[in-house]
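Engineer: Pulled the feature table from TrEMBL, pasting it below:
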type: TRANSMEM; residues: 33-55; note: transmembrane segment
type: DOMAIN; residues: 37-502; note: domain 'Major facilitator superfamily (MFS) profile'
type: TRANSMEM; residues: 75-95; note: transmembrane segment
type: TRANSMEM; residues: 102-120; note: transmembrane segment
type: TRANSMEM; residues: 126-148; note: transmembrane segment
type: TRANSMEM; residues: 160-180; note: transmembrane segment
type: TRANSMEM; residues: 192-210; note: transmembrane segment
type: TRANSMEM; residues: 321-341; note: transmembrane segment
type: TRANSMEM; residues: 361-379; note: transmembrane segment
type: TRANSMEM; residues: 386-405; note: transmembrane segment
type: TRANSMEM; residues: 411-434; note: transmembrane segment
type: TRANSMEM; residues: 446-466; note: transmembrane segment
type: TRANSMEM; residues: 478-496; note: transmembrane segment
Amino acid sequence: MYASREDIGYEFGDDSKVGSKPIKPNPNIDGGWAWMIVLSSFLVHILIMGSQMALGILNMEWLEEFNQSRGLTAWVSSLSMGITLIVGPFIGLFISMCGCRTTAIIGGILNALGWILSAYASNVHYLFLTFGVTAGIGSGMVYLPAVVMVGQYFQKRRALAQGLSTTGTGFGAFLMTALLKYLCTEFGWRNAMFIQGAISLNLCVCGALMRPLSPKDLREKYVVRSDSEENRAKALSHSTETIKSNGVLGEEPEKKEEAANEEVLGSVQHTEVGGKSGSGRSMYGLRLFKTVSQLTVTVRKGFALWYSSYFGAASLFTNRVFVAFIIWALFAYSSFVIPFIHLPEIVKQYNLSRQDNVFPLTSIIAIVHIFGKVILGIISDLPCISTWNVFLVANFTLVTCILTLPLMQTYVGLAVVCALIGFSSGYFSLMPVVTEDLVGTKHLANAYGIIICANGISALFGPPFAGWIYDITQKYDFSFYIAGLLYMVGIIFLLMQPCIQKKQSREKSTEEAQV
């Protein structure tokens, strides 16, 4: 149905040289500290994504406090959710320069600051800045490293690891909803946000657990991957050469950059030695100068890697399947968010509030979503199953449910469709795996940053667009139909590009054979 990375030929870099050396696998890859990384990512999803899915509690408090329109007040939650994902590409720059651990700790502090400052809000526009922007950026600085680190520590069980870590979203939706409701009832919404800000400081602890792998550990991970793919290397040679000739990310620019950096550091060290011998400058000044120079080199190297990934000749955008993946992401996430926003109103219109109060439809989505992530992750890790095929089947199931949901007017029918939406949307745990399959582990941070940025745009504008359609038609039916059709367009883009790439690869192989 769909080709995996090996079939498409998007292996970025040449691991064959490394694979020729027998190196003992690192115990921390697929085991050991890797499970601490999963725990850290799980807690991040609880504290960030779970809290955002529980913002409906605070939204009601803000409506009552500031007496503003529902549309204006809803932008506070939309900004927080959207910015968390939209800042992904820029967070990739921070990761390139500072690493995942430092980026996550800074993000945890910023997120907590946003919650605490929001407790002193005097109007909705104040919340736009403190909660929507400040807390949103802080959330993005923790969320992306949490996803990237799991991808770095796992090779054989990546899908399962991502599935386990992202189940924190479902658990967080239950825990944070109950917590915020209790805090608002007992202490008021301002004190509730202050306490939630203190709780969010635990994101710094999660960031501290993100111990980076050494270059040696990364090489050992590539050895495992190279050994597992050795039997297929000959069959893939033609397609791999085709992709490389079309602008795959190369290693030469980075090697030249490293050489330039070493030259700069060498000059700094020479200056320090000269200062010791005859310049008379203080050692403190020389050490400060060397530290600043090393920091400058690190920033330049990180920015060069980030810039080349996005805008250079070896840009990620030269990977046409990855571009199709971005187009898909622009339409996909809103189809998951829109039911969470508008289902309560649909239930009210159908006079199903009594049944929904007993067991809310959004809770059904959240509960089954947890199991969907784990089960789809386990299935994808089976040797005989392609992650791409699981990903596609789940997408087709979800888009079918979105198109079917307006036709259901009974609680049982809506509950069944919501359960399928929750299970099929478990493919979110496969997105980092799919992204890594397209661009490789080395470029996962930047690539996944682009994908979640596209999801953020979808989350930011999807629900308001659905509400605008309702204002025109006085029905939610067309909102789901249009969202489902746009979602289907994204899936078609995802299907077309590998077929075109394979065709071009066969044509080039035929031309080379004729020559």
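Using the three backbone atoms N, Cα and C, a Cβ is placed for every residue, glycine included.
Keep in mind the model is a prediction, meaning the values are calculated, not measured.
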Engineer: Restricting to the same chain and to residues at least six past its boundaries, which positions have a Cβ under 8 Å from a Cβ of the transmembrane segment (386-405)?
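Structural biologist: Same-chain contacts beyond the flanks: 1-4, 159, 332, 335-336, 339, 372, 376, 379-380, 414, 417-418, 420-421, 423-427, 430, 433-434, 437, 480-481, 483-485, 487-488, 491, 494-495.
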Engineer: Taking the transmembrane segment (102-120) as the reference, which of 160-180, 192-210, 361-379 gives the largest number of Cβ pairs under 8 angstroms?
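Structural biologist: Answer is 192-210, with the largest number of Cβ pairs below 8 Å.
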Engineer: Using a cut-off of under 8 Å between C-beta atoms, tell me which stretch among 75-95, 192-210, 478-496 contacts the transmembrane segment (321-341) the most.
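Structural biologist: Going through each listed stretch, the top one turns out to be 478-496.
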Engineer: May I ask you to check whether the transmembrane segment (126-148) and the transmembrane segment (478-496) make contact, with contact taken as at least three Cβ pairs under 8 Å and only pairs 6 or more apart in sequence counted?
Structural biologist: no
Engineer: With Cβ-Cβ distances below 8 Å as the criterion, list the same-chain residues six or more beyond the ends of the transmembrane segment (478-496) that contact it, or say none.
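Structural biologist: Answer is 2, 321, 324-325, 327-332, 334-335, 338, 342, 392, 395-396, 398-399, 402-403, 405-406, 462, 465-467, 469-470.
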Engineer: Taking the transmembrane segment (160-180) as the reference, which of 75-95, 192-210, 361-379 gives the largest number of Cβ pairs under 8 angstroms?
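Structural biologist: Result: 361-379.
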